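If you look up TrEMBL, you'll see A:75-279 marked as domain 'ABC transmembrane type-1'. The transmembrane segment annotation in TrEMBL covers A:24-46, A:79-102, A:114-134, A:154-174, A:211-238, A:258-278.
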Amino acid sequence: MTAVAAPVAATAPRERERRRWAPLLWLAPPMLVVLGFFCYPLALVVRQSLVSESGEVGLAVWRHVVTSPEFTAALGRTVLLSVGATAGCVLLGTFLALVLAFTPFPGARVVSRVVDAVLAFPSFLIALSFTFLYGSAGVLNAALGGGAGGPVDFLYGPWGVLLAEVTFYTPFVMRPVLAAFAQVPSAQLDVAASLGARPWRVLRQVVLPEAWPALASGTCLTLLMTMNEFGIVLFVGAKDVITLPMLVHTKGIVTFDYPAACVVAVVNVVLSVALYTVHRWVFRVLGTNRAGEGRAGAGLDPA
Amino acid sequence: MLVWTRRSRLLLWLAFGVLFGVVIAAPLAMVGLAAVAGTWNGVLPAEYTTGHLADAVSGDALASALVSVQTGLIASLAAVVCGAWAALAARSAPAPVRRVVDTVLHLPVAVPSVVVGLSLLVAFSQPPFLLNGTRWIVLVAHLVIVLPFGYGVVSAALDRADPVLADVAASLGASPARVLLRVRLPLLLPALSAAASLALALSMGEVGATIMLYPPDWRTLPVSVFAQTDRGEVFLASASTAVLLGLTLVGLLTLGAARGRAAER
């Protein structure tokens, strides 16, 4: 859409004016969609959070919600769950990716295809399958001979949600880390090893520095996604696991308390946009140092 | 390559097998198994049946599946068109404008789907914009949620694309419309197909916003699966999930085939 050949001096002022405004006009339709269906509703959520049900404007709803024990509990639970699940995903994902990349075995390709497939799955699938695995009448309890109400009983609590999130989000860490590992030339490893470096040292000094940007941005992204996870929490349906998105859902749909739901929503959005900003920053700063990692770190980029 | 002795390598593989098997593979296998399980009281199902799968493709479940397919197709098509349009238009805009557009279009990624649902409820529940209670509000929510991916993928592809071809075409006298249709869009086909795949997969599995918004006549399959689980019909829920995955897979494979053909040209 840029005019290449036309010399600027020869164009009439009107033509020049048109050139300046044309790109902005072209941007208008998609921007209208985003502004109308995303930004405007979000702004209304902020406004609604400042108006109480009796119509008064002020921070009354905020004060009421933020000091309520159910909100503080949900906030604490959300942060704990998301930090715990992310730590699990990063540890497990890095280990699995290391083995897949550097000590490949027959069938390693199949495993990476499975990892890719999980990225296209809905998260509630994991919660559903956990019912069969760890539920009161599940496989594990049957194997341990307990029958219904057997010895394994962690599913309908925070640990069930945590493990489900680790299962679902580990592939989201593995994918960018695997892509970063692929950038490490194997000759480099062989040279380091032939010079007498032990595997642990090769790992620390050759492999991990290469994967660090992908790991950092993957960690941020996983924190963000686990914080906003809804499907798993909904399907596990644990009474005492109320996270921020779950609280938004309960307040909005079950008790129809829109102002309170909006307060929780604003807090959730602020937290998650902050994490997202860190992610973009990490991605830019660390990603530009090395060629190729920009794409590897994108994580959600499917191409 | 990293580990040299045979023994340590075997140990490593063993650890990998156990962790991967228990944490990732076993849960995935469960849903498939449960979809065809008749009764399941032991470690493995006692008998197998295709009855649940048959139930999942008839009556209400089938209606839900069709709703999901339509929602997924419409939302991903709209997201790709809108995202590609924005990515192309942002290219020729001044740098500050481009940065703002980039930020705004990526932002829905950082907003929980439940909040997207709530915000649409707040905004479109009274006149003049009354969408609540219609299927349109579900479609809009899905579009908002998948749009950043449509935009992001196409925009990343444009970053890598060679601008010289379009410039050459323009300098040879091709009109902007012709450059767009004959040069730039064909070059972007693989990215468009990748964007559509991602959007489709996300939309088919979306549950957070949909559960806040769905009207009785537009219930997507994930919402139905939740209702089935809630009623305790876990085998039917598994069968419906298997159908959902199957439908998604068909869509992804079709788009993948289109991508392969586009790359060959």
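Cβ atoms here come from the backbone N, Cα and C positions, even for glycine.
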* Structure fact -> Note: vs the transmembrane segment (A:154-174), the recorded stretch with the largest number of Cβ pairs under 8 Å from A:79-102, A:114-134, A:258-278 is A:79-102
* Asked: Cβ pairs under 8 Å with the transmembrane segment (A:114-134): which stretch of A:24-46, A:79-102, A:211-238, A:258-278 has the most?
  -> A:211-238
* Contact yes or no, the transmembrane segment (A:258-278) and the transmembrane segment (A:79-102), 3+ Cβ pairs under 8 Å, gap 6+ -> no
